[in-house]
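Asks: Sharing a structure with you now.
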């Protein structure tokens, strides 16, 4: 290649001009500290703490005698500076998590805690969110150390600053503060008003099912696994644990009645279990009425959970038995361990079902250590509140009801509950996978159609870009951004 005369000189002149401007793409001239221009006003005005509150927080920090780490390994120290943190000097997350007491933690627990820290960093990038979360964590750490007087003062600051009518970060802080306050009341021995353990109002249940994709995703994916497992059987028997209002089953009955899929619809028998026999009876009547309108041969048998331990129901040899465990298995875990759950899974295995469907939340809320549960709950419900923020309008009364009556009660159970009074002992899929395999089950990956159907549900009814449907290890996961929230798996 021949270079024209003067080509090298022209290239050199261009380089000299670029050097004079000081505009290398990656090398910009450093500005002196005093030469920085003031930033434009943010759209979202950060909340500032009053001098009294700041003074209290500083005094509280001095009382704890915890030295603040200057290491840049913390994501908060490296990339998320906060005015409140610089004044109050809260301990970094690493120190809060590792100073849980005198007992030593094994490698697996430390790895789980690191994952929780990363998730907090991932879902709370804004400085105001970070400072609020750090204050919540500090309050939880005070409760863990039994410094209840200081914890009450922090809770009073949180409850005064945040309400259920703000953005997702405000609403999360509001409900977390309520949960921490409830725990302080329980620890002080005060008598609390009884709160229902679960939603009982049918309208509230329908709102939850309509406004969020969580339950609809779980029901739709589990139903598809049952339909595919039933194949061409003439009779299908579904053993449904914790049936409630039975919202999962009308879509399945509709699919069974579809002549394009089933030229001769099978006979369907549902045995529904629960604690409230009258509720089960009402559910059976509604399902009977709906199935009659479809022309299906349908039977419903209510079975109180007090009797289900003996599995006192009949199964015909020609029936395809499907066992449905939707948000149920975690309720069999207690402080004594997994004995009840292990016995249950072995009993189900002994029934030789055609398929077992398992739907659960993707969170580790089963730890007996309060601070572990709190950290996981803060990460999990941060993603839940952010997803609702993107799905529903800020002034939605239905959203406020959902957060108060469903999510808020769950948070109170996880944070404030202890012993037999704690029901929401959620575990991640890895735990359910190990337990199911130990009981003799093998996972049945979802079909391509099942995955497409789940994605179509989100696209048509919840068109936010933040929701994700993924398949991993044979299970289907629904998540917000990159945080899994719910999983559905089927087993044989």
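Heads up, the Cβ atoms here are built off N, Cα and C, so glycines get one too.
Curation plays no part in TrEMBL annotations; they are all automatic predictions.
Note that this is a predicted model, so its numbers are computed, not measured.
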Asks: Can you say which of 226-230, 231-235, 236-240 is given as motif 'VHIID' in TrEMBL?
Replies: 236-240
Asks: With TrEMBL as the source, which of 150-182, 183-215, 249-281, 282-314 is set down as region 'Leucine repeat II (LRII)'?
Replies: 282-314
Asks: Same-chain Cβ contacts of the motif 'VHIID' (236-240) under 8 Å, 6 or more residues past its ends?
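Replies: For the motif 'VHIID' (236-240), the far contacts come to 226, 230, 246, 248-249, 256, 266-273, 313, 315-316, 319-324, 326, 351, 353.
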